[in-house]
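Here's the structure, in structure tokens; my notes come after.
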Amino acid sequence: MTAQSAQPLYIGGRPVDATSGETFTVTNPYDGSLLATIGQASQADVDSAVQAAQRGQREWAAMTGMERSRILLRAVALLRERNDELAELETRNTGKPISETASVDIVTGADALEYYAGLAPAIEGSQIPLRDTRLVYTRREPLGVIGAIGAWNYPIQIACWKAAPALAAGNAIVFKPSEVTPLTALKLAEIFTEAGLPDGVFNVVQGDGRVGAMLTEHEGIAKVSFTGEVGTGKKVMAAAGGSTLKDVTMELGGKSPLIVFADADLDRAADAAMMANFYSSGQICTNGTRVFVERSAKEAFEAKLVERVARIKAGDPMDPSVNFGPLVSFEHQEKVLSYIALGKEQGARVLAGGDAWNSGEWAKGAWAAPTVFTDCTDEMRVVKEEIFGPVMSVLAFDDEEEVIRRANNTKYGLAAGVFSESLNRAHRVIHQLEAGICWINTWGESPSEMPVGGYKESGIGRENGVETLNHYTQTKSVQIEMGPFESVF
């Protein structure tokens, strides 16, 4: 793939050159090649995008739910039609294997749009009778313009997840993708326009954290939806509340426990632990990186992990047979490799991997070997801190009460999972785990019907599921009096 020319922003239904005079580059993490030069948005560009969104939102909100649904479904059809083209672009930008992006990233983004397209005509209020001559009815009205800030690990999926409920409810969006993986956002904007979305209803402003700050502080933004790390999320929330008391939805980090009891199907649990740590090279917020294994099953479970790690096929992400790609950037590679070194320093035993993969044929890419640490303790930094890479920590436990206490001993609360053939125990344990997304005898799938979000410092609000529509509407109450009006004057 040859380097693309400087890419514009997308404002008011068309490409628009950034006015800041600044640009940034986007590279392929597999070989370091240049993919694109992108224009950095200025404050004037953000203002223009918000104004375009305000104009477009009025037209969009005036449509019926059925009319909005038809347009969203046309966008779904275009996404599915262009799945392979978009998957290739996503793979070259993120480094994720084409086997993943072609089967998950665009598919699940389109699924979310299709799901909320079906719900758009069903958004309704309620009627509350007070007496024969008096009643109250409610309307669920859109918030207005949503500022959406995406993460770099699932660029187009996250854009769709944020757009779907917001658009279904009649809002407009100004979307800022991560500056690390910004390429598919512009394609999505073009698809929305082609599908018939009114000009200005979906805008894209490119750039670094400065652009995100412009959105969170903008008086024309009614709500901010952010996906990213906890530290940035706190800054976003402070800015959103400090400017105009904006509503916020946040999907933040995690250090999720995956608990394997001795009675579990160990092959199934080992398969899940592999997916929960090495899919997308470990760059998934819900990953089960703290793998607690009942002591009597630990040795057998570890043997199954070693066998499975040996079967991983790393290589060119465009090769359909490859199932493990590089990390998203060379900067992120440095972070992950530093944690692998730290794990060794703090006494964790390397069960598999532990290599830098930065020499020979691997030197040109942002690689880190899939790594399994064992004999870990809860105090180790590789156990406590989010690494966001292919690093699994295995910890032994002796009883149910102990593992629940240790699993909950974290500032995070995004996800959790239990593997046991006793469904009574599995449900009992899950109900005591402090996490918003939980799985029993499986891991990782987040269908559009399932609310996604975290407890504690892992987030606020939810994405996906019916209840998320409530986060993109506001309730107006109307009281009607059909009898005489009584005044004390």
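Cβ atoms are placed via backbone N, Cα and C, with glycine included.
Annotation comment: Swiss-Prot describes K162, E463 as active site, charge relay system. Residues annotated as active site, nucleophile in Swiss-Prot, with sequence analysis given as evidence: C285. The K(+) 1 binding site annotation in Swiss-Prot covers N93, V180 and rests on sequence analysis. Swiss-Prot lists G150, A151, W152, K176, P177, S178, E179, E229, V230, G231, T232, G253, C285, E386 with the feature NAD(+) binding site, giving sequence analysis as the kind of evidence. Here Swiss-Prot flags L245, K456, G459 as K(+) 2 binding site. According to Swiss-Prot, the feature cysteine sulfenic acid (-SOH) maps to C285. As annotated by Swiss-Prot, site 'Seems to be a necessary countercharge to the potassium cations' applies to D247, with the evidence given as sequence analysis.
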If you measure between the CA atoms of N93 (K(+) 1 binding site) and G459 (K(+) 2 binding site) and round to the nearest Å, you get 27
If you measure between the CA atoms of V180 (K(+) 1 binding site) and W152 (NAD(+) binding site) and round to the nearest Å, you get 6
Spacing of the two Cα atoms, K162 (active site, charge relay system) and E463 (active site, charge relay system), in whole angstrom, works out to 7
Going by C-beta under 8 A and a gap of 6 or more residues, the same-chain neighbours of E463 (active site, charge relay system) are W161, K162, P165, S225, T249, E251, P451, V452, G453
Mapped onto three states, the DSSP assignment of G150 (NAD(+) binding site) reads coil
For D247 (site 'Seems to be a necessary countercharge to the potassium cations'), the spatially nearest of the binding-site residues W152, E179, T232, K456, G459, using Cα atoms, is G459
Rounded to a whole number of Å, the separation of the Cα atoms of L245 (K(+) 2 binding site) and V230 (NAD(+) binding site) comes to 20
For P177 (NAD(+) binding site), the nonlocal same-chain Cβ neighbours (under 8 Å, six or more residues apart) come out as G150, P155, A159, T184, A185, V204, Q206
Spacing of the two Cα atoms, T232 (NAD(+) binding site) and G459 (K(+) 2 binding site), in whole angstrom, works out to 12
G459 (K(+) 2 binding site) to V230 (NAD(+) binding site), Cα to Cα, whole Å, comes out at 8
For NAD(+), with binding residues G150, A151, W152, K176, P177, S178, E179, E229, V230, G231, T232, G253, C285, E386 per the record, max Cα distance (Å, no decimals) returned as 24
Per the 10 Å Cα distance test against K456 (K(+) 2 binding site), the recorded positions W152, E179, C285 reduce to none
In this structure, the one of the recorded positions V180, V230, L245, C285 whose CB has the fewest other CB atoms within 10 Å is L245
Students should find that the Cα atoms of E179 (NAD(+) binding site) and the residue listed as 'active site, nucleophile' sit apart, in Å rounded to an integer, by 18
Should one count Cβ atoms within 10 Å of each candidate's Cβ, the recorded positions K162, K456 would be headed by K162
Residues near W152 (NAD(+) binding site) by Cβ (under 8 Å) yet at least 6 apart in sequence within the same chain, in sequence order, are T94, S178, V180, T181, V328, S329
